[in-house]
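Enquirer: To start, I am sharing the structure in question, which I have written as structure tokens.
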Amino acid sequence: MPPPPHIKPENVLKRAQELIAVGQAPAALTVLHEHATSKRTRSSPIASLEPVMLLFVELCVDLRKGKAAKDGLYQYKNIAQNSNVGTIEIVLKKFIELAEKKVTEAQAKADEIQSSLESAAPSSNVEDLEAIETPETILLATVSGEQSRDRTDRAVVTPWLKFLWETYRTVLEILKNNARLEIMYQTTALQAFQFCLKYTRKTEFRRLCELLRNHVQNAAKYSAQMHAINLSDPDTLQRHLDTRFQQLNVAVELELWQEAFRSIEDIHTLLSLSKRPAKNVMMANYYEKLARIFLVSENYLFHAAAWSRYYNLLRQSAVTLSTNQGSKKDHPSVTEADMTKAASFVLLSALAIPVISTSRSRGALIDVDEVRKNKNTRLTNLLGMLQSPTRAVLFRDALNKGLLKRVRPEIRELYNILEVDFHPLSICKKVTPILKKIGDDPEMEKYVVPLQQVILTRLFQQLSQVYESVELKFVYELAQFPDPFQITPSMIEKFIMNGCKKGDLAIRVDHISGVLTFDTDVFSSAKALHSGSAAGSAESELGSVQRLQNTPAEIARLQLTRLAKTLHVTCMYVDPSYNDSRLQAKQAALTRAAAGAAKEHEDTLERRVIIEKKKEAATDALQRKQKEEETRKRIRTQQLQEAEKQRLAEEQRERELKRIKDEQDRIRQQELKKQLEELKSGVKGIDLNEIDLEDLDANRLRAIKLAQLEKEKNELTERVRATGKRIDHLERAFRREELKHIAEDYEAQKKVDMEIYERQKAQTLAEAEAKHKEAVALKHRLSRLIPVFSSFRKEVSEKRHEEFEKRRKAAEREFEAKKKQRVKEVQERRRREKIERENAERAKREEEERIKREEEERAARDAERRRILAEEKAKREEERAKMDEIAAKQRQREEEAEARLRAKRAGLSEPPRTESEVRTAPRLNIAPRTSGGPSWRERQAAKEAAGGAAPEAPKAEPEPPRRTGGYVPPHARGGSDAAPPAGNRYVPPSQRSSQPPSRTQTPPTSSPKPEEPKPLASGTGGKWVPRWKQQQQNQ
């Protein structure tokens, strides 16, 4: 069954617009809210949901329903964040714009109300001008109160300001920790900062900063979520840094110094996470705001350190820009005036650092000092310094960078007076004009008070070195400052008491005698200032206080030191051997050190290698452990995710089935109720109170309805028949009575129509006559203007004709020029096209010729290659033929040698030969044939017996040299199967005869010319010889 029609976004939007049109905006908002928060909305297309959400936020703003807007927008973000992020930004921007528009309208309304009240006040009637403020008016104003500006804003503007703040907070909560909506998040945060700055909302600004801080902390906590932001991404971190810098600027503008300091800490934390260095323009703003914060907190030491860092950054930017190594947008614009101003503030802030510690007392507890030390370490880290700054270090750094050349003259003179040539008796006279100049500058005026503290400290320190007691009047005369910055005696006494309390001064004030007595206790302890105090110390490292002479306490304290030095010098002069032994001991120590330096260096290098190896091993082990842990964690996470997905899928399936069943039941109940309501309202006479809805179905309801409708139809037909019959009688009676009065009525109507006609006719004639007279008078009045008008028209026509001719000729000339230019361009284009076409044809022709030439060259190369291959093949065939011939000859020689060898072996049993018997050919000892055929000797004897004398044996060729080794050359190895000489050559089994030669075989009788041995038969293991060759050999 399809869902109800109102579930579709288009139908919901249409229904809401209808409700708005009839003035039911709350009901429309309820419909839109139910649709936006419904689970069925998730399957709706985003394109159809966007108009619904735009109308929804508009109604939420009009009705100031922030919570409903938050619920709907959360649901819409969950629906659209995976498919279309742009629509979320559109809806949220619309939400913010509408809220801001409402605030603007409320302000305009408040201004209008206030202006109306102010304009109405002077016009009020006053009975007595001299007694305007009567007791009654005062009481009335106190009880009721007037419509003042604050009250108007509170009633009109403040609710919308609150709603706008809730809007910003809602949007930030919706967009937080989402990488796809990050840019919109940063933009909204900047808008919220501007809202707080524009309307001076300090409380909301604090809450906004805390909200953003929690979002960043939660980003690292929930980094495994889908679409979570990654602070390791440089672009994401840069956007957060930009937002924090804007937060810092707004905090400074609102003078919320604590929140500004927390913003500084946030920026420092983000900078520590950043892999890329921050831009100089951002760091310049960072140090400038940090200096202002330290100044407000009266932390002059770190204030001066921040100015020093700021000046270093300006110097670095100036050098970078002068060498064109960086872009101007990444560096602050630096001019000579800016450098002079920054240098002046660096030196002035360093001079204003108190010499007496303002944050330590004699009885300071250890834990308090530890907390202060931790605080200073944290401030040092914020400045990016390696160690805590001191007054002496800042002065030395300023002098090394040549700041005295850049500062303003009065600041340079003040430095010389206070730090170089301090004279207590004339200090105030010298400083007075300088303080006046500093006091005239609004930015430097705030340094006057700390400078006075420094001057007083210097004054009392040097007076204590010269005098034991001075008059109070004398001290008051010395401490005279310019009029706006005059110091009273009570302020001087307060300063003395503070210095005594902190342990930096030892002064007693006797008001009876009017004398200041400096402490002369020779056993008083040294007053070393705390190195980690927030205000720093002037006496650290270099001792910047000029020492006029030692005090009695210092003399007593250093007595043992002086005695030791004097005794040492005396021993050196009295006993020369003491000095010699000292020098020898020193030389021996140097020798030992030189001897052990090399070994120590090697040991150090070995230890370094061992340490590096251990570090690498530990690092590898740690990385392996981390990888294994990450793998296990990932596997476990995947398993949990899979289990969670499966569980959610099961739950979703069950919920879907239950929802479908419930929806079906709900729809069935709704249809039944709807049909019952239709029966109750449309069909009368049915009693449905006793019918149970659970037993009803659609068929039974339809049958009840049809029966009742049939009954009503019959009753209606009967009533209509009776009523028609009654009406017919009445109509006939009415018409019978009307016939008597029709003629009278017609005459009266004719008379009335004639009177109306005459009256309208007279009125029309009068209006026409008056109009005609007016037209004639107008004609006579305007006829005097006809000659002037004609001449003017003729003059204008001539001028316009001349101008037209000029323009026409100019247009013709321009047309001809453009025509010639066009013809020239066409000719040039055709010529260029022709040249390009010819070039293309020539290139094509050259390409074809090149291809043809390459084909011919390729064919020639192929023919040459074939010819060479044929020649090589012919040569190989010829060489093969030669080798075959040589092999045949070699085989023949070997067979002859084998035959001779065998004949020699066979002749051992024969009688010894005579000397007259000469062998002309070798005699072969042929193995007996295994087959049943006759041997060659028998065949030869048979031929002779047949009467044919045997042909003369050919002349024996000289016997080739006999090979004694077993090596056979390759050409003879494959072409001869003759056996090597006995005992020297291996005969394979396949070539051996089946039976060994018989030693008892009687060889044939010797003849002067024995026959040439024939080739062996195939059965004896020799090489196969073709038949034609056998016949040729037999012949």
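Each residue, glycine too, has its Cβ placed from N, Cα and C.
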Enquirer: For which of the residue intervals 619-649, 650-680 does Swiss-Prot record region 'Disordered'?
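Expert: In Swiss-Prot, the region 'Disordered' feature sits at 619-649.
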Enquirer: To which of the residue ranges 2-31, 92-121, 242-271, 572-601 does Swiss-Prot assign the term coiled coil?
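Expert: That would be 92-121, per the coiled coil entry in Swiss-Prot.
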Enquirer: Mean pLDDT over the coiled coil (92-121): what is the value?
Expert: 81
Enquirer: Which sequence-distant residues neighbour the coiled coil (92-121)? Criterion: at least 6 residues beyond either end, Cβ under 8 Å.
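Expert: The answer is 54, 57-58, 60-61, 69, 73, 146-147, 149, 152-153, 156-157, 159-161, 163-164, 167-168, 171, 174-175, 184, 188, 191.
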Enquirer: Could you give me the DSSP helix, strand and coil counts for the compositional bias 'Basic and acidic residues' (809-901)?
Expert: 93 helix, 0 strand, 0 coil
Enquirer: With DSSP helix as H/G/I and strand as E/B, how many residues of the compositional bias 'Basic and acidic residues' (619-632) fall in helix, strand and coil?
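Expert: Summed over the compositional bias 'Basic and acidic residues' (619-632), the classes give 14 helix, 0 strand, 0 coil.
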